Amino acid sequence: MMCEVMPTISEDGRRGSALGPDEAGGELERLMVTMLTERERLLETLREAQDGLATAQLRLRELGHEKDSLQRQLSIALPQEFAALTKELNLCREQLLEREEEIAELKAERNNTRLLLEHLECLVSRHERSLRMTVVKRQAQSPGGVSSEVEVLKALKSLFEHHKALDEKVRERLRMALERVAVLEEELELSNQEALNLRDQLSRRRSGLEEPGKDGDGQTLANGLGPVGESNRRTAELEEALERQRAEVCQLRERLAVLCRQMSQLEEELGTAHRELGKAEEANSKLQRDLKEALAQREDMEERITTLEKRYLSAQREATSLHDANDKLENELASKESLYRQSEEKSRQLAEWLDDAKQKLQQTLQKAETLPEIEAQLAQRVAALNKAEERHGNFEERLRQLEAQLEEKNQELQRARQREKMNDDHNKRLSETVDKLLSESNERLQLHLKERMGALEEKNSLSEEIANMKKLQDELLLNKEQLLAEMERMQMEIDQLRGRPPSSYSRSLPGSALELRYSQAPTLPSGAPLDPYGAGSGRAGKRGRWSGAKDESSKDWDRSAPAGSIPPPFPGELDGSDEEEAEGMFGAELLSPSGQADVQTLAIMLQEQLEAINKEIKLIQEEKETTEQRAEELESRVSSSGLDSLGRYRSSCSLPPSLTTSTLASPSPPSSGHSTPRLAPPSPAREGTDKTNHVSKEEAGVPRGEGPAVPGDTPPPTPRSARLERMAQALALQAGSPEDGAPPRGSESTPDSLHKAPKRKSIKSSIGRLFGKKEKGRMGPPGRESVSLAGTPSDETLATDPLGLAKLTGPGDKDRRNKRKHELLEEACRQGLPFAAWDGPTVVSWLELWVGMPAWYVAACRANVKSGAIMANLSDTEIQREIGISNPLHRLKLRLAIQEMVSLTSPSAPASSRTPTGNVWMTHEEMESLTAATKPETKEISWEQILAYGDMNHEWVGNDWLPSLGLPQYRSYFMESLVDARMLDHLNKKELRGQLKMVDSFHRVSLHYGIMCLKRLNYDRKDLERRREESQTQIRDVMVWSNERVMGWVSGLGLKEFATNLTESGVHGALLALDETFDYSDLALLLQIPTQNAQARQLLEKEFSNLISLGTDRRLDEDSAKSFSRSPSWRKMFREKDLRGVTPDSAEMLPPNFRSAAAGALGSPGLPLRKLQPEGQTSGSSRADGVSVRTYSC
């Protein structure tokens, strides 16, 4: 910047007036000259910007021409590559948009420059005087340079602010001066008034002194005495007062004179200010006139520029049109040249034939001896000419037929376009409603889009066929003209030969005409344009194509259609034979008279599919409403009914089919795969899942009330007496076990201990004492930090010693209390009491020792629950309100434990946890065979069989199982929610995302396959640990590999630097062994192996295939990488697996009444109730999957 600091501007207005008028005029002229030069320079910059804009536009047009030429070349070279042409068109559009943005930026810069000029001229016209002084001083300081636009703007801005302040100061001083003059005038008037008053008083006093003097003289004369001394004294006083008044009057007069002089000075200053103001106004008016003239000139220039731009644009348009016309003419010229060359070749051939004919004619004239032979030959040639004429007439009729068909195809093309427009409008209207649906509706709309692309391809093929027909027609017309010319020539030759006039043989041709006609035949295209008239394979192929698309659209709900049924979306994906078939398909079918019917069937099929979508939307809405109503009714029924009686179980199993199929729809997403106990009514957030459940019901293909029973939901009732005595024996062993351990450290038992309590030694559950490793004390591991809610102080201690005085008691008291609780449970099991008949202390002991609920929940149950019947009949809201369990996962844990105990202690429970089929629950046939083989006296059951793996509690899940899956980052959330192995199969997507913070979908997939691994092992923890130890050093049994074992395998391949990337990734053996879609590329992506490291990727691919083939039951598809297949999403994959047996296995873990009476509120995703199998059916047919699951307790 040349000047950052503004020069000092004198605030004295009289200094500027000291200059003479000539000097002021010269400075003004110099100022105007500089301003004009600045304006011209800015106009030059504007012109340069406009020139740059014009060059950019010219470049844009050149690029447009280049784009058009490239498009023409592409259309000529690759007319069938629609996908490539579409990509090129998109690129050209993007470039055009970029050029338009550049043009908009240039226009904005031009507008900014125009606004800058207007603002500059406005400032100059308003502040000419200040600008003149500033420019004069700046030129005096730096005479060598001219300031830039930025400096001029800064100077104008500062001058405007300075002179605005100066104007305000001058006005303020003038106002103060006028006020002071007014005050002084008032004071002068007051002083004059006082002087007049003093004069009056003085005159009155003088007259008063004279009168008393006369009176005194008379009295003196009369009396001989007078007050002469007193009068003299008063006169002296009055004279002194008069002198003082005179002095004051003199002072006032002096002040008045001073004020008058000041007033005159102010008037002079005011006059000079008025004169300066008049001069400034004149200069301002002059500058305004100049500005108006400049604006008028600029408007004229702009008008001229706009007219020039319009002329330029019109010239450019004309040039483009001329270029297009030139291109067309060049194309036509090329085609004409090719036709001309062909005609020249034909003329040469005709000349050769004519020479041959002349030679033959000469030979015949020389050799002709008799005229009858020549006449016979002529008669033969006339007959051949007649035949040629007949064939020519047939050919003309064929041409007329082709023209009629061409017109029909044009009309059909118009109708197809109208139908396409109608379909577009209908699809637009439909898209407003289909946007509210879930992913299935979106996929169907994508299918419709593919069908529309097929229709566009057909339209393009139709236009190509029309062009081919036009070319064929032109060639036929040309051949016709050539034939007529040849006929005339041959007739003239015949007339010359016979010596007759040309009119006598107008319908005759020589024998070479037939050769000419057949020699021209090969010039016609011998390919596909004429063949499809008699071919039916094209139509059959097209029917197969559309039928395949229709089948795919009908199978789009379950995604079970093979990948081969999906038609390729673009012609570029077809191979050679497919392209020929597609060409025959579109050309023959659309050019044949029956092609219109196929177009109509396509439109009808689209309309039917759209109507089906609308009907399905209505059905889904009705289903949602009925589901909500029935869920509310069922919730009221569940809250008022018990779950302990066999009759109620059978009545609930005999619900009407409509209720069993509709009211038990799950409010959880399909990714959960099974029911999640929830008693809340369906919320609007889960409407989409209701729709998917409705679709899955339709996929199952089972009518309401007639379908086969789904196994694994509701087990049959069996006796309970045999296993209860064995339960009592197991409890007795547990009560006498020496491994009870020391009691836990006492601490305050509040819900905040979920987050704030330090690690404590937990009370070992009864099952852990029974079936844990005998050589280890089963207290909480000291080195493992966990939220041990089950290990808080007992509820009795809290109830009897709320101040924490129980800490002073020894471990013997705690052992005695635990022994007393075990004795209560042992007594209940020995008596064979169902869970509903348990008393309050037994239920509390069960909650504390077996379920592992926190102490404050146990205390709340002690206060509110007095028997097992109350506990069994508690609804979800009552559990939350009465016991105070606000966490829904804690409520889920309690409900699952209650239902498990109700099923284990009910009279209809199975006599053994292992049945002939290997499952926990049994069919009627198994139950009858078992009751027939079992004596009524056996009333004991081994708790080693039922709860043999009951130590899979929330501590095992958080400390052992989740790290083995590679998901240790979710440990704290699982521990806080008390998630044990019983709850794993009942967690839905909402709970995983919300409370367990498992937002990553891949981590949810990993968790799902970990649960599937546990289910395949029957939740056998010892078996899992044994198999992991056996496969620690060998490549076998990959399904049980932990995340650490997978990392070790990767390190053993020589990829140790990438193995650490699998930490907290969710990669484990069950994912590798059970997920059919997981391949080496996914593993390389998780290992973060760069794509440039081809050697490492090849090694990983080889070893991964060896691992899958040796250690799993999977078989890698060799063509999977080559063939394009569209696999369903993992949600739908889970749903299909649920239908194949995952959900029945998860349902087998629940007791009968849990599915029947509470299923309306708890929900099961897309599965009806399992009905009781009638006698006579085999148990194997009622099983959807052979995987058996053991019941466990945590």
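Placed from the backbone N, Cα and C atoms, the Cβ positions cover glycine too.
Swiss-Prot tags one of the stretches 1-23, 277-299, 300-322, 1128-1150 as region 'Disordered', and that stretch is 1-23. Swiss-Prot lists region 'Disordered' for one of the ranges 93-130, 397-434, 1157-1194, namely 1157-1194.
Between S645, S658, S765, S788, Swiss-Prot assigns phosphoserine to S645; no such entry appears for the others, which is not proof they lack it. For the residues S439, S461, S508, S786, Swiss-Prot attaches the annotation phosphoserine to S508, which does not rule out the feature elsewhere. Per Swiss-Prot, the residue annotated phosphothreonine among T676, T714, T915 is T714.
Sorting the domain 'SAM 3' (1041-1110) by DSSP state (H, G, I as helix; E, B as strand; all else coil) yields 48 helix, 0 strand, 22 coil. Secondary structure of the domain 'SAM 1' (838-904), assigned with DSSP and counted as helix (H, G, I), strand (E, B) and coil, comes to 52 helix, 2 strand, 13 coil. Sorting the compositional bias 'Basic and acidic residues' (624-636) by DSSP state (H, G, I as helix; E, B as strand; all else coil) yields 13 helix, 0 strand, 0 coil.
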